[in-house]
Amino acid sequence: MTTPAETHATAENGTWTRVCRHADLTAERGVAALVGRHQVAVFLTFDGGLYALGNRDPYSGAHVMSRGIVGTRNGEPCVASPMHKQVFSLVTGACVDDPAVVVPTYPIRVNDETVEVSVA
Amino acid sequence: MTSRPETGTRVVVVGFGPAAHRLIENLARRGFPGRITVFGEEPRPAYDRVALTSYLQGRSAEDLTCPVPDGVTLRLGRRVAGIDRVNRTVVTDAGQAEPYDVLVLATGSAPFVPPVPGRDLPGCFVYRTIDDLDAIREAAGRAGSGVVVGGGLLGLEAADALRGLGLGTHIVEMGDRLMPRQVDEGGGAVLRGHVEALGLTVHTGTGVRAIEPGPDGRAARLVTSQGGAIEAGVVVFSAGIRPRDELARHCGLDVGERGGIVVDAGMRTSDEHVYAVGECALAGGIVYGLAGPCFTQAEVAADRIMGGTASFEGADVSTRLKLLGVEVAQFGAMSGALDVTYLDPVAGVYKKLFVSDDAMTLLGGICVGDATPYDTLLPFVGKALPGSPSDLLFPGAGATIEVPDDAQVCSCNNVSKGRVRTAVAEAGLTDVQGVKDCTRAGTTCGSCVPMLRRILAESGVDVGRGLCEHFALSRAELFEIVLVRGITTFSRLVAEHGTGRGCDVCKPVVASILASLGNGHILDGEQAALQDTNDHFLANIQKNGTYSVVPRVPGGEITPDKLIVIGEVARDFGLYTKITGGQRIDLLGARVEQLPAVWARLVAAGFESGHAYGKALRTVKSCVGSTWCRYGVQDSAGLAVALELRYRGLRSPHKLKAAVSGCARECAEARSKDFGIIATERGWNLYVGGNGGFTPRHADLLVADLPADELVRVIDRFLMFYVRTADRLQRTSAWIEGLEGGLDHLRAVVLDDSLGICADLEAQMERHVASYVDEWRAAIEDPDKLRRFVSFVNAPGTPDPSIVFETERDQIRPVPVVLEGVRV
């Protein structure tokens with residue numbers, strides 16, 4: 001499924017893509033964005049943190065991660081897949097209960113009130 | 001009087017109640033060298049007024065009488081009519097004069113009797129003296145029911161007495177709750193539940209307009225301020241007390257604007273030779289009506305008479321008592337910057353702590369049904385809390401307060417903490433039931449069960465009932481917190497009662513609770529972030545990330561025109577259609593961005609959300625019933641439609657399914673539903689707790705042969721009781737099986753109102769019914785809610801390319817997804 005190169009992609013290797021205005025995001029919910037052929041799930045957490053993960057739920061194969069419930073596990077921001085509720089870290093992309101299963105994470109930033117992600 | 005009294009000093013005490021007794025007993029014990037004369041208007045010496053009710057339970061007047069010290073001259077049955085301060089003499093109504101050097105007024109108080117017509121009729125009483133009780137007992141012999149005017153501490157005492165005399169007993173209280181001076185609204189509700197469970201009838205927010213006589217000229221009924229009538233041959237006024245300060249007033253002593261003889265810290269009145277103690281005294285602007293402070297005042301006055309310098313600096317009016325078998329306690333302040341509440345409606349326990357704005361200092365608390373916090377926390381009032389407020393109230397959550405081994409945890413059965421701890425360790429107990437069986441703790445009033453749970457936890461037993469890592473509370477506990485505190489946001493709830501920012505377990509639970517209590521549209525504001533994907537998109541997610549659409553078809557009854565609309569919508573959007581088990585039609589395969597357009601068509605044709613996506617009422621299935629069926633005995637389809645429209649949109653701990661069958665042949669399969677109704681010749685039988693699914697279960701008969709209006713009332717209560725108290729994702733079947741007392745308990749609650757909550761449950765359902773709006777109509781009319789229905793935020797017109805269908809039996813089906821390398 002995922003490869004290290006995808007998981008640890010950095011902005012230096014790619015270019016920033018504008019995804020939406022920051023104001024379009026709702027705290028503790030995600031949106032899906034199409035960046036090239038990649039589907040990216042973008043999340044805004046309660047404390048203002050921004051995270052980008054692959055939108056594909058590795059357990060079901062459906063592109064639905066952006067529709068999961070955002071919360072915390074032991075203080076770490078997480079999202080639960082809406083399909084079968086596996087919980088993934090927004091920071092590392094790793095499944096909390098099964099760390100061998102990882103979804104890609106992408107660099108994300110706010111530039112002039114616009115949210116940008118970088119997909120290598 | 002700053003020097004020691006001389007031999008021959010004459011102390012005259014007017015009034016002989018407990019405070020006067022404490023004063024003379026104190027003087028005698030300290031060797032007062034002069035003469036003491038006491039005037040009492042009752043024909044007997046002072047007696048223990050706090051234990052007055054026990055007189056009716058068989059204790060004799062002698063038992064209650066306080067011993068009179070030697071050398072005290074008693075003048076009983078005498079009424080002092082005047083005080084001559086110039087000549088320092090009191091005069092009785094028989095004209096006898098008694099000179100004094102020191103006069104102590106201990107005239108006590110008189111029950112307040114509101115000036116209503118008929119208040120002097122035979123059969124009307126106050127509850128103050130042994131003579132009053134004798135008269136009440138005599139009158140009770142010829143009355144069937146009684147009413148107590150006043151729901152305060154003394155009113156409940158009086159009500160307990162009437163009940164003990166075998167009268168059907170009513171309590172009429174002007175305020176909005178019982179014991180308004182000791183408990184707040186939430187505590188009052190719990191207290192009321194206890195009182196009503198004993199068979200007493202409580203009328204709050206009710207005043208008295210008149211007492212009306214019967215043909216025999218005796219009190220026969222109380223007319224309420226609303227004009228209702230309560231039949232009662234015995235009326236007891238217990239609506240507060242008024243200090244008896246007439247003597248002081250007439251002789252020119254200072255009295256308070258609202259009554260009470262003004263005294264200084266030494267209990268001395270405006271005349272240096274005259275003291276006042278007890279319920280007639282206004283000390284520091286307060287008239288104290290509790291025994292403790294009155295005793296302290298008597299001791300202070302005695303000390304001053306003996307030449308001492310003691311002073312009365314006000315008193316703690318904390319109260320802990322057991323009335324009608326219910327523990328009620330109030331300590332410290334009754335308000336504060338922050339408060340924390342514990343409420344267990346099933347056990348009837350309410351506990352609240354008031355703390356400073358930094359949550360560090362304990363200001364006070366209220367307990368109903370379990371006064372343990374009073375015992376452990378009273379020493380901490382005004383000081384740093386010995387733990388976090390919630391820990392102190394929710395002992396299962398790892399309270400840090402140290403309760404010593406010799407502390408009594410079960411007062412009913414006199415079981416100490418040490419005894420429970422030893423039992424847990426030696427018998428290897430693992431749950432509360434084990435502790436009950438082994439020690440008898442918690443088997444009587446049950447108020448110590450939270451403490452038992454805590455001792456189990458301290459002993460290393462996992463008694464976890466918390467929802468998740470963010471809330472150490474059960475869903476039912478959260479529900480009560482949200483209800484009682486009026487919490488409307490997850491953020492506030494988790495900040496005050498949880499940790500972190502929630503998860504996919506607790507957020508939908510809180511969303512459901514907020515929705516059950518009516519907090520607007522489920523996608524309004526912060527609530528939107530709490531919803532599971534199904535509720536968030538108001539549709540059911542399917543395995544490929546598409547959604548299904550289920551319009552409501554109440555009772556399974558649908559017009560041909562509406563059937564055609566469903567067909568056209570399915571055809572135009574390319575959806576797969578299937579008839580569901582709940583007698584409606586499922587449209588599958590809609591992409592998220594199609595949902596608003598699909599629903600715009602459906603709403604325009606008169607459809608509304610079927611809530612197939614919610615933990616909510618799904619359908620009320622029905623057969624055609626007596627309208628068409630030659631066997632039918634009632635109109636099952638009509639009732640099913642009415643019920644589905646009544647309960648549509650009701651969010652609950654899990655989905656709710658229902659059915660109505662028009663005869664005993666049961667074609668609607670009602671007994672497999674959460675609530676099922678089967679027609680009889682005489683009305684409707686109501687079955688509850690049925691289930692299909694993993695663990696099929698036939699529903700149990702709750703009540704038989706009800707007319708439709710009563711049936712609806714019982715279902716209202718049943719559903720709301722379930723909504724309030726069930727665990728997360730617990731269907732009614734498991735809920736009923738888990739109820740302590742099972743079906744009998746459920747019957748007691750929803751049929752006999754044993755918890756006194758039925759009016760609340762019905763009102764809550766009425767609010768739900770009145771506030772219902774179609775979620776989909778509201779969504780398509782609100783651009784802000786529609787923003788979420790896009791495939792990609794940066795490419796809203798582009799469908800998710802991963803969603804692909806193939807054809808099977810002339811309809812679409814998702815192309816199976818190949819999952820590589822994933823352990824599922």
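Positions of Cβ are set from backbone N, Cα and C atoms, glycine also.
Features of the protein shown, as given by TrEMBL:
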| type | residues | note |
| --- | --- | --- |
| DOMAIN | B:10-285 | domain 'FAD/NAD(P)-binding' |
| DOMAIN | B:409-458 | domain 'BFD-like [2Fe-2S]-binding' |
| DOMAIN | B:542-604 | domain 'Nitrite/Sulfite reductase ferredoxin-like' |
| DOMAIN | B:614-750 | domain 'Nitrite/sulphite reductase 4Fe-4S' |
| BINDING | B:Cys623, B:Cys629, B:Cys663, B:Cys667 | [4Fe-4S] cluster binding site |
| BINDING | B:Cys667 | siroheme binding site |
Report, as a single number, how many Cβ atoms besides its own are within 10 Å of the Cβ of B:Cys667 ([4Fe-4S] cluster binding site). 18
Tally the residues of the domain 'Nitrite/sulphite reductase 4Fe-4S' (B:614-750) by DSSP class, grouping H, G and I as helix, E and B as strand, and everything else as coil. 52 helix, 33 strand, 52 coil
Once B:Cys623, B:Cys629, B:Cys663, B:Cys667 are set aside, which residues in the chain still have Cβ within 8 Å of the Cβ centroid of the [4Fe-4S] cluster site? B:Val624, B:Gly625, B:Tyr631, B:Gly632, B:Ser636, B:Ser661, B:Gly662, B:Arg665, B:Glu666, B:Ala668
Stretch-averaged pLDDT - the domain 'Nitrite/sulphite reductase 4Fe-4S' (B:614-750): 94
Cβ proximity for B:Cys663 ([4Fe-4S] cluster binding site), under 8 A, sequence spacing 6+, ordered by residue number, returns B:Ser626, B:Cys629, B:Tyr631, B:Gly632, B:Val633, B:Gln634, B:Ile678, B:Ala679
For the domain 'Nitrite/Sulfite reductase ferredoxin-like' (B:542-604), the number of residues DSSP places in helix, strand and coil: 30 helix, 14 strand, 19 coil
If you count other Cβ atoms within 10 Å of each one's Cβ, which of the binding-site residues B:Cys623, B:Cys629 has the most? B:Cys623
